[in-house]
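According to TrEMBL:
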ACT_SITE  B:85  active site, charge relay system
ACT_SITE  B:160  active site, charge relay system
ACT_SITE  B:184  active site, acyl-ester intermediate
DOMAIN    B:30-481  domain 'Amidase'
REGION    B:139-165  region 'Disordered'
């Protein structure tokens, strides 16, 4: 067979997504792994400023976890539909009527910073990124 | 040795306390004070609570007593104290979900279940400790402090609802609410000798429950007896228009089923023992003592007229990997809301950091290690290219697990297993080994993934520590869990000649 398996395709796409070529992917028998750089990149995507110690520590731990969870690949589930939810509900609607919202001052009282009846946030525009 | 005469209110079950309140034999203030005294005396060691407001609790209890004295018509729960896991938002009462990122936050509204308990006249004693964002099986992942097991303070109380389990088992609350995503009600109940029930997904409102994994999270009762759990469950259950995943169906008659079960009415009940959860060829990681107690309990059920057979659910072998992909994936998405802008902690907002840097610094300082690990893992599992192999495949496994349940329930009425493969382990033993920690959830994960009701009821001791027996039922058949659990409880009490938790009362009194 010359066509790549779904896993192989997934691996190469993910390698590209992570900006590197040497990702060991989650093949049926392959040992999955997450390197320090992978963890750093994932943490950036998730807005987590991990420390060097955490990066070292998590890379090993997460590789072990990934090895374990890769076992889902053993299931013969080709035509099985994915289950997203235990309750088969779709499009739960209600009458479009106005109900009271929480008072603004009550909500803003719990904000880390507020100004002029609004949430105050760090500058968004004009950043280099 | 004879049991000491029990005059301590905090060692009684909620049903008895409710009877005494209604009969005027005790008042809510007296009762609430008894729990507050015990909390003051013991919680420095046990660490069950993150927040206790004695003044507010006593004021509330005084209102109930005054209303009763004035002849007001009060419900059966009026004046009974209760503890809530700190994952439920409570108006004006600090709520952290066990995380530093929400330290000091006072929510502006009540979770539906908290509002329902308030309306029923209960007295909130406080908010109980938990693994941060409910991620853990030992409560050691709390950002504030570990919780200790009243049976042995050097051991974990289970998790993530370990503050609730220790509070109830230790007599620091008559009953409590927990939440269960992968076993977080049932496993701590098993570890501390309590009854804990995870309701059918969607049958108890999630509104105001700080989300971990939204397709799995479910609130439920933790109590000293099956009857107490049934009463508390009926009080919180039922449709809530503010939770779009809420099922619009009546709560089954749980108290009635409990009473029937307690009379041993099990003739004709078909019980399936799940081979993959501790059966032949699947005993790795299980304590022999746990398997012995479970085997004896199954024999007990057979003795009461139940038809017992072994059932195979092969996909259950993959429940653990599927869960530890699905839950972190949903968590990585849910926890995006904690970015330090609208509530909670904000770090680095000094004019020298960009918005994204402030978010990253806030999350770095606000989240603990297990939360970070799961966010990274979930981000990975959902990333382009890996989605199909991990998250997508896990969702297919979820379908296979649900199919195994469906075909099993063609032949049997309930499925049974141990609740946890082991008894409570020493504090610290698994804290830096995520996989060892995750293995604690082996038996509870299948019902979580399928959204089915499951209860844990004490079935004896192993190594002097409580063992839990799990009963799983089809969706919306929560009453079957209560019926079977009540039969187990009644038979065990009859054999022992006392309530299961009396064992702990006697030990701690000695």
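Cβ coordinates are placed from backbone N, Cα and C, and glycine is handled just like the others.
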Mean of the pLDDT scores, which run from 0 to 100, over the domain 'Amidase' (B:30-481): 97
Sequence-remote partners of the region 'Disordered' (B:139-165) [C-beta within less than 8 Å, at least six residues beyond its ends]: 45-50, 83-86, 96, 98-100, 103, 128-132, 171, 173, 176-181, 184-185, 187-194, 196, 222, 368-371, 420, 424-428, 431, 440, 464-466, 504, 507-508
Around the Cβ of residue B:85 (active site, charge relay system), the count of other Cβ atoms that are within 10 Å: 31
Collapsed DSSP category at residue B:160 (active site, charge relay system): coil
DSSP-derived class (H/G/I helix, E/B strand, else coil) of residue B:85 (active site, charge relay system): strand
Rounded to the nearest Å - Cα separation of residue B:160 (active site, charge relay system) and residue B:85 (active site, charge relay system): 9
Count of other CB atoms lying within 10 Å of the CB belonging to the residue listed as 'active site, acyl-ester intermediate': 37
Within the region 'Disordered' (B:139-165), residues counted as helix, strand or coil by DSSP: 4 helix, 3 strand, 20 coil
For residue B:160 (active site, charge relay system), the number of other Cβ atoms found within 10 Å of its own Cβ: 35
Length of the line joining the Cα atoms of residue B:85 (active site, charge relay system) and the residue listed as 'active site, acyl-ester intermediate', in Å: 11
